[in-house]
Structures are given as C-alpha cells and as structure tokens.
Amino acid sequence: MLSGQIADGLATIFFGELIDRFGHFKIWHGAGAILVAVSFSSVFGGCIPCKLLSSFSTIVETVSYSTFAAIFNVGWAATQVSHMSMVSCITLNSTSRVVLASCRNAFTMVANLSLYGIAFIVFEVIRAETRADIENQYRWIAYLSIFIGCCFVGVFHLGTKEPRSKTGIHGNIHARISWTYWFLKILYYQVAIVYMLTRLVLNVSQAYLAFYVIDDLQMAQSSKALVPAIIYICSFVVSILLQEIAWNEQRLKAYYTAGGILWIFCGTAIILLPQSMSLFVYAISIFIGIANALMTVTAVSMQNVLIGQDLNGCAFVCGSLSFLDKISCGLTLFVLQSFHSSSPIVAGNYSTSNFSITRYGLGLVPAFCSLVGVAVTWTMELRVPLYKPLTETLLE
C-alpha cells in the first residue's frame with residue numbers, strides 16, 4: 001500500500017501540472033480510468049510475474065503486487081485530479097461549488113454501497129469452501145466492479161460537457177499560474193493541512209474499521225459489511241442535505257467544526273468501548289458517517305475557496321493537496337502496521353485489552369487529526385463571495 005500511495009502522491013503533482021498546461025480534463029480522466037481498470041484486474045488476476053518466472057517466492061509476489069498497486073494509483077491520480085479540477089472550473093459560484101462537492105461525496109458513498117451490494121450477491125451465488133473458491137469470489141467482485149465502473153465512466157464522458165477556461169476573467173486562455181503564486185499564500189498552507197488531516201481521518205478509519213469490529217469486538221463476520229454500510233448511508237444523506245445550504249465563511253467553519261467534534265467523541269468511544277458493549281458500534285457508525293460528510297464536503301469547499309477565480313492553477317492545487325493526502329496516509333498506515341506486527345497483542349486474544357494498535361488507528365488517530373483540523377480551520381480567512389442563488393448555468 002505504501003508503494004501505491006507514494007506513486008499516487010507523486011503522480012498527482014505531475015498530472016496537476018500537465019492539466020494546468022494543456023487542459024482537456026476528460027482526456028486525462030479517460031486515460032486514468034483505463035489504467036485503473038487494467039491494473040486493478042491484474043492485481044486480482046494473480047501474480048502474473050510469478051507465473052512468467054515460475055517463481056512464487058515472497059519477494060517476487062511483493063514486487064509484483066507493489067508494482068501493479070503503483071500503476072493503479074498512477075491511473076487513479078489522473079482520474080482524481082482531473083475530476084476535482086472540473087468541479088472548480090464548471091462554475092465560479094461558491095454555493096454551486098459546494099453543491100457539486102457534496103454531490104460528488106454523495107455519489108462516492110453510492111459507489112461504496114454498490115460495492116457491498118455486488119459482494120453480497122457474489123457471496124450468495126458463489127459458495128466458498130476452499131481457498132481457491134475465496135479467491136474466485138473476490139475476482140468476480142473485482143471484475144464486476146470494473147465493468148460497472150467502466151459503464152459509468154462512459155456515461156460521464158458522453159453526458160458531461162468539457163468546461164472551457166474563463167477567458168473573460170483571465171484574458172489569456174493559456175496563462176498558467178506559477179506554483180510560487182500559491183506558495184506565497186498563507187491560506188494555501190492552512191487549506192493543505194486541513195485537507196490532509198481530513199483525508200487521514202477518512203482513510204485511516206476506513207483501513208482499520210473491519211479489523212476493529214472483527215478482532216477487537218469479536219463481532220460476527222457480517223458486521224464488517226454492515227458497519228461501513230451504515231457509515232456510507234449516513235454520509236450520503238448528510239451530503240444531500242448540505243446541498244440546500246447557502247454557504248459563507250462562518251458556516252464552512254462551523255460545519256467542519258461540528259464534524260470534527262463528532263469524530264473526537266466517536267474516537268474516544270471507539271478506544272473505550274468494551275467487547276461486552278460491541279453493539280454500540282452501530283450507533284457510533286451513524287455519527288461517524290455524519291462527521292465524515294461534514295468534514296469532507298467543507299474541506300473540499302475550502303479548497304475551492306482557495307482556488308477562487310484562479311482556474312488556470314486549479315489542477316496544481318488539487319494535485320498538491322492530494323500529494324500530501326497520499327503520502328501522509330501511506331506513511332501513517334506503514335508506521336501503525338509496523339507497531340502492529342511487533343505488538344504482543346497480535347499473538348494473543350484481542351479481547352483481553354482495550355488498547356490494541358487497531359483501536360489507536362481507528363480511534364486516536366482520526367480524533368487527533370480532527371482536533372488539529374478544527375484548530376487550523378479557525379485561523380483561516382476564507383473570503384467566500386456573497387451567496388447568489390443557483391440561477392447561473394453550471395457549464396459556461
């Protein structure tokens with residue numbers, strides 16, 4: 001995973017620069033989607049270099065999966081940066097941008113829920129009795145997800161109009177904004193920290209959630225699907241509701257703070273929750289879903305406030321912030337797993353201690369990141385334009 005995150009982080013900077021120079025969001029998005037589909041199918045298709053070299057050693061397998069994970073993340077970087085940049089270029093209306101960000105987050109939750117639906121059907125249709133059967137199940141999940149994803153990529157490219165650069169604002173359509181322009185802005189560093197911490201909250205908690213409910217709380221296998229599903233449903237609902245709000249500086253800060261405080265309480269509950277009260281994790285997951293939506297939508301909206309009308313540098317902002325997100329996430333998980341592998345709790349019974357690395361990863365890390373994120377948010381000066389009703393055409 002670390003190799004993939006490093007490749008993703010470096011690629012976001014690279015693609016952000018290229019998109020700012022040459023534009024054509026949909027071309028980058030389409031090329032990245034193809035790379036994602038090919039590499040993802042290769043990851044779940046087994047160790048291809050192992051078969052070619054007739055060697056199934058641990059080193060060859062590790063190099064193989066790390067390579068395809070890196071290729072996958074390079075493709076993902078192209079799709080992510082181009083897609084996020086389009087949100088900033090489709091409209092200059094700050095309220096419209098928040099609507100697009102919340103809509104984007106909502107359909108991310110729909111995609112996640114759809115994956116669980118596919119998994120449920122596959123597990124029901126294909127019964128697993130051996131290791132080979134289990135591998136076959138996950139291959140079908142991967143291939144069906146790739147197929148459905150490709151269908152929606154096609155819908156996106158056929159049904160979405162490529163936004164044109166705002167020549168009336170910038171004068172010269174090819175005038176690219178220098179990196180130093182952003183580096184001289186204090187708001188850039190503030191938004192970068194908040195965005196990075198918000199993504200850490202989401203990614204680290206998502207990585208450890210299944211291990212927490214199974215290993216620490218000793219719950220049924222179905223809980224590792226049900227708990228994330230509750231989180232995604234709640235995030236979807238809140239993301240939809242956030243579209244109806246007229247946004248300004250105080251509301252962006254207030255809603256982010258509300259999400260951060262919720263996560264602090266959730267993180268504390270996760271650390272202290274005993275196995276005997278494991279069912280309370282379902283209630284906690286509701287508040288986690290709400291907190292995730294509040295923090296994600298407002299953090300992305302702060303990024304759009306930073307970009308403002310400087311659209312010829314929007315891809316660099318999205319790419320550089322994603323770089324911090326990927327590298328910090330990869331390093332955090334690497335460090336946590338290093339402690340996890342050397343912890344004596346791994347060899348024993350998880351239920352004998354409330355303080356496993358999994359609990360710290362799911363509870364303490366997101367809660368701490370939320371606290372710091374909230375503190376940084378209130379140091380910002382977000383010059384959000386006055387609210388205007390959604391009467392302007394989104395695509396100009």
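Heads up, the Cβ atoms here are built off N, Cα and C, so glycines get one too.
Note: TrEMBL annotation is automatic and uncurated.
Taken verbatim from TrEMBL:
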type	residues	note
TRANSMEM	27-48	transmembrane segment
TRANSMEM	106-126	transmembrane segment
TRANSMEM	138-158	transmembrane segment
TRANSMEM	179-198	transmembrane segment
TRANSMEM	225-242	transmembrane segment
TRANSMEM	254-273	transmembrane segment
TRANSMEM	279-302	transmembrane segment
TRANSMEM	314-337	transmembrane segment
TRANSMEM	357-378	transmembrane segment
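In summary, the transmembrane segment (254-273) does not lie against the transmembrane segment (27-48): fewer than three C-beta pairs, each 6 or more positions apart in sequence, are under 8 Å. With a threshold of 8 Å between CB atoms, the same-chain residues lying at least 6 positions outside the transmembrane segment (314-337) that come near it are 1-2, 4-6, 8-10, 12-20, 73, 77, 80-82, 84-85, 88-89, 177, 179, 182, 188, 191-192, 195-196, 199-200, 203-204, 207-208, 303, 306-307, 357, 360-361, 365.
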